[in-house]
Amino acid sequence: MVQLKRLFTLVSATAIGIVAGTLYLFSAYGPQLAHRLNYSGTASSLIAFSGSIGVSLSGIPAGILIDSKGFTLALVIGALNIGLGYIGLKVQFDRQVPNVIISVLLSFFIGIGSTFVNSSMIKCAAITYPENRGVATSFPVASYGLSAFAYSFIGNHLFGANTSKFLGLLGYSTLVIALLGLPAIYMADKESRKSNLTYSSMRHTPAQSFELESMASPRQSASQHRRSGSQFKVTGSSPDPITKLEVAKSPQFWLLLSILGLLAGLGQLYIYSVGFMIKVLLHGSDDDTIQSAQSSQVSLISIFNCAGRLLCGAFGDLLANKYGQQRSWVVFVPAAVLLIVQVFCFTVTEYDKLWIASTLNGIGYGFGWSSIPQILLEYFGVEVFSFAWGFINMGTILPTYFFTHLFGSNYDNNLVLNEETGLKWCIKGHDCYDETFLVSTGFAFLAFLLVVWINVRPLIHNKKHSSIA
């Protein structure tokens with residue numbers, strides 16, 4: 001009976017986790033929302049970016065609330081933010097109330113809700129199966145990653161090009177799913193608080209959920225982490241735990257912040273812009289065709305984003321545990337893949353080939369988010385992980401804003417007025433946005449060079465240290 005109850009709780013947490021990943025669905029409704037409300041590309045990019053801001057800024061508050069008050073309250077707060085956010089966008093869409101500030105705030109609330117729901121469901125899964133946390137937490141993580149695929153598939157088949165009904169599906173289903181799963185979650189929360197079970201390492205954003213479990217191999221002790229983290233230090237390793245001040249002074253910490261900022265920004269550039277890319281590449285097609293194409297690309301990104309996160313954890317363990325290599329080699333994968341995506345998007349002018357970019361971007365984006373936490377644990381250990389990871393998440397804000405704003409500005413500069421409708425549109429196809437990916441290619445190459453440096457630097461240091469010895 002107890003096992004059945006725990007299984008039901010895990011199923012509930014997994015189902016609720018689906019509503020947390022809808023932020024990446026923006027390209028499935030964003031272009032239609034912008035067209036309906038006559039928003040510019042820059043304004044639309046700002047709306048998408050505000051969701052990412054909500055995710056980044058709410059990670060630490062969500063962790064504090066969950067650790068102090070349990071995960072039921074966090075679930076309720078998160079579900080209300082997501083549900084009411086989408087319902088608000090639906091009202092704007094239906095009544096044609098163009099107000100960028102309101103749209104930005106609604107997207108921001110959705111981002112906050114995403115973090116609260118995802119973090120609470122991961123902690124619920126971890127506490128429900130404390131002896132198998134890695135496996136248990138992988139379920140809500142997987143549902144988070146596959147959320148965009150599930151919703152885009154269902155929405156496209158049920159509603160086609162009806163954006164209003166799709167926004168309604170996102171909003172109302174969030175509230176219904178959370179309400180149905182709430183009793184099981186509440187009981188698990190109540191029992192865990194009675195038992196004084198804690199899971200202090202869960203103070204993080206959706207991006208780190210799987211990484212915490214997959215990278216922290218039980219065969220690696222804290223001293224091993226410190227030895228790995230000290231490989232850049234000329235003074236050698238210390239038996240004492242690394243402090244937060246030492247982390248902040250560490251060159252590799254700022255290198256990792258820069259690398260993740262660039263990789264996350266590049267990945268989100270494509271995620272939030274692909275809907276507009278499809279719209280111009282399929283210019284002249286009917287609404288159903290465009291909506292179907294957008295849903296297909298969002299689904300591909302979602303599936304391979306999830307796969308990238310899972311594969312990265314396994315790849316990192318393989319490198320560290322079997323071959324005895326530093327986990328930082330893993331970051332070559334997202335750096336190389338996302339560089340290819342930028343070049344591909346700059347050169348490809350046909351929609352039929354866009355699936356390649358969506359697939360690669362999903363893999364690179366998932367790998368990127370999953371690789372950096374692995375390296376943080378290897379360099380600095382678990383004692384300061386929450387601080388380091390929470391701080392590094394802030395580093396994604398400016399690059400994401402820069403890239404999404406760049407796309408929006410480039411897109412707006414190529415718009416022309418349609419005299420029949422009085423609305424602006426772009427009829428230049430690939431030329432509507434190609435300059436954006438020329439610039440992003442340069443930054444992707446910079447990210448690749450930083451990855452080379454963070455891997456080569458310890459080798460140079462060790463060689464120099466050996467020659468001195």
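Just so it is clear, glycine is given a Cβ too, placed from its N, Cα and C backbone atoms.
Curation plays no part in TrEMBL annotations; they are all automatic predictions.
Residues annotated as compositional bias 'Polar residues' in TrEMBL: 217-238.
According to TrEMBL, the feature region 'Disordered' maps to 216-238.
Among the features that TrEMBL reports, transmembrane segment is placed at 7-26 (among others).
Per TrEMBL, the feature transmembrane segment maps to 71-89 (among others). For the transmembrane segment (71-89), same-chain residues at least 6 beyond its ends with a Cβ under 8 Å from one of its own Cβ atoms are 16, 19-20, 22, 29, 33, 62, 65, 102-103, 106-107, 109-110, 112-121, 123-124, 167-168, 170-172, 174-175, 178-179, 182, 185-186, 189.
Taken from TrEMBL, the feature transmembrane segment applies to 101-122 (among others). Beyond the ends of the transmembrane segment (101-122), by six or more residues, the same chain brings 13-14, 16-17, 19-23, 26, 33, 37, 39, 43, 46-48, 50-59, 62-63, 65-66, 71-72, 74-75, 77-86, 88-89, 92, 137, 140-141, 144, 174, 178, 185, 202-206, 209 to within a C-beta distance below 8 angstroms of the stretch.
Residues annotated as transmembrane segment in TrEMBL: 134-154 (among others).
Per TrEMBL, the feature transmembrane segment maps to 166-188 (among others). Outside the transmembrane segment (166-188) by six or more residues, the chain places 5, 8-9, 12-13, 15-16, 18-19, 22, 25, 28-29, 71-72, 75-76, 78-80, 82-87, 89-90, 93, 113, 117, 120-121, 124, 127-128, 151, 154-155, 158-159 with a CB less than 8 A from a CB of the stretch.
If you look up TrEMBL, you'll see 253-278 (among others) marked as transmembrane segment.
Residues or ranges marked as transmembrane segment in TrEMBL: 329-349 (among others).
For 355-372 (among others), the entry in TrEMBL reads transmembrane segment.
Sequence annotations record features per position, and here TrEMBL assigns transmembrane segment to 384-403 (among others).
Packing against the transmembrane segment (437-456) from elsewhere in the chain are residues 252, 255-256, 258-259, 262-263, 265-266, 269, 326, 328-329, 331-332, 335-336, 338-339, 341-343, 345-346, 399, 403, 406: each is 6 or more residues past its ends and has a CB under 8 Å from a CB in it. Positions annotated as transmembrane segment by TrEMBL: 437-456 (among others).
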Spatial neighbours of the transmembrane segment (253-278) far in sequence, C-beta under 8 Å, 6+ residues away: 24, 26-31, 41, 44-45, 48-49, 52, 247, 290, 293-294, 297-298, 301, 331, 334-335, 338, 341-342, 345, 351, 354, 357-358, 361, 364-365, 368-369, 372, 375-376, 379-380, 388, 391-392, 395-396, 398-400, 402-404, 406-407, 411, 432-433, 436, 440, 443-444, 446-447, 450-451, 453-454
Spatial neighbours of the transmembrane segment (384-403) far in sequence, C-beta under 8 Å, 6+ residues away: 49, 52-53, 56-57, 59-60, 63, 200-201, 203-205, 207-208, 241-244, 247-248, 253, 256-258, 260-262, 264-266, 268-269, 372-373, 376-377, 436, 440, 443
Beyond the flanks of the transmembrane segment (355-372) by 6 or more, those residues with Cβ under 8 Å of it: 145, 207-208, 210-211, 214, 256, 259-260, 263-264, 266-268, 270-271, 274, 296-297, 300-313, 316, 327, 330-331, 333-335, 337-338, 340-341, 344-345, 348, 392
The transmembrane segment (134-154) and the transmembrane segment (7-26) contact flag, 3+ Cβ pairs under 8 angstroms: yes
